[in-house]
Ligand code: ATP
Ligand code: MG
């Protein structure tokens, strides 16, 4: 009797030479973490694929679409696992084609990974092809441009047969690149930017600036919802929250109103850079898209960027809003991002923000408040909340036991609030 398994295909990690074994190990760990709610029996490597087996029937079918969303997965197939008996794998081929859905034409693609099997790939193609032609007499065999492909893969004593196969999100396994700090609002763009970096193998550490105590904390909960929507395929281990409302008020009183937004942003970048240093993150990530709103002109981006030394990645800089929305829908964050919540972006906004900031005016405004003290104060007031994410490792200084820190953590968490960082 054939059992159901998932066969995971990956391209890019195959290109990485000596790193290949490491990348495969990370990908297997991430698939295991993404399938924590399933009864996974084994995750192993076979002949350029990763094989996932389950101990409960019906789970392979349910896990199949989830595996497609794990970064590093190029394609996943829902296969039948049989022995080498032709009767077994030919019956599996019929079932595989039956479950494929609508089709008019098909072909068989057979491959054997070891040559101790007496039939060659050509023999297998012919043998399985004949059985399928008999089982589906009104369907055509087409070598080019067919609707369905029935794959037959012989690996040692086993045969894997599948027709249902779904394209994965691609990219690289998360954790194969280093950490990045992402500036996460609860808007549409920054969750997409965060996801894009995770798909390239980075471990995103989001920092959210809340309008608290000048606004409610709704945006903080939306950010948590966004992180949970990305899980379990994309892992985020920790969300930092910076209550920014009082500082925004101070800036709005001290600085010319048209430059407020740039001042808020400069402070946000500087605080995020400090968190990046603490976390050992090598870059910041934002959801900016050129010209999308007043603050995202080239001049304004430059006026904000100059406060940090660390690279700032803007993966959406050349994307149109419609493209970003389509991606947000695909990754499951759109509906959360369209819920309105006051955050620091809606607080103390000027009626006419500067769209083409002049650097000398920006520098003068920057000196109108004690920005160094403010940045330090915000870093000291940072709070965080942890999520289950095996790829995320907290900074070393926060892993070591430190009595005073421990006491503070306990006091904060006992109140049911986010934990205080310092
Ligand atoms: P988003 O949809 O990501 O909020 P946006 O189109 O609303 O983006 P802005 O409000 O100008 O654009 O923000 C630009 C970027 O600055 C955001 O994509 C995000 O990376 C960062 N950012 C904005 N607000 C916050 C916030 N409250 N906390 C953290 N980062 C923020
Ligand atoms: Mg926003």
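Every residue gets a Cβ built from N, Cα and C, even glycine.
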Original post:
Which candidate from 164, 265, 266 does TrEMBL annotate alongside 183, 184, 208, 209, 287, 296 at the ATP binding site?
Top reply: 265
Subject >> Candidates near ligand 1 among the binding-site residues 183, 265, 287, judged by a Cβ under 6 angstroms >> reply: 183, 287
**OP:** Find the longest CA to CA distance in the recorded ATP-binding set 183, 184, 208, 209, 265, 287, 296; express it in Å as a whole number.
**Re:** 19
Original post:
Tell me, by DSSP, whether residue 209 (ATP binding site) is helix, strand or coil?
Top reply: strand
**OP:** Note down the number of other Cβ atoms within 10 Å of the Cβ of residue 184 (ATP binding site), including every protein chain shown.
**Re:** 30
Original post:
Reduced to three states, what secondary structure does DSSP give residue 296 (ATP binding site)?
Top reply: helix
**OP:** Could you check the binding-site residues 208, 265 and say which one's CB has the fewest neighbouring CB atoms inside 10 Å?
**Re:** 265
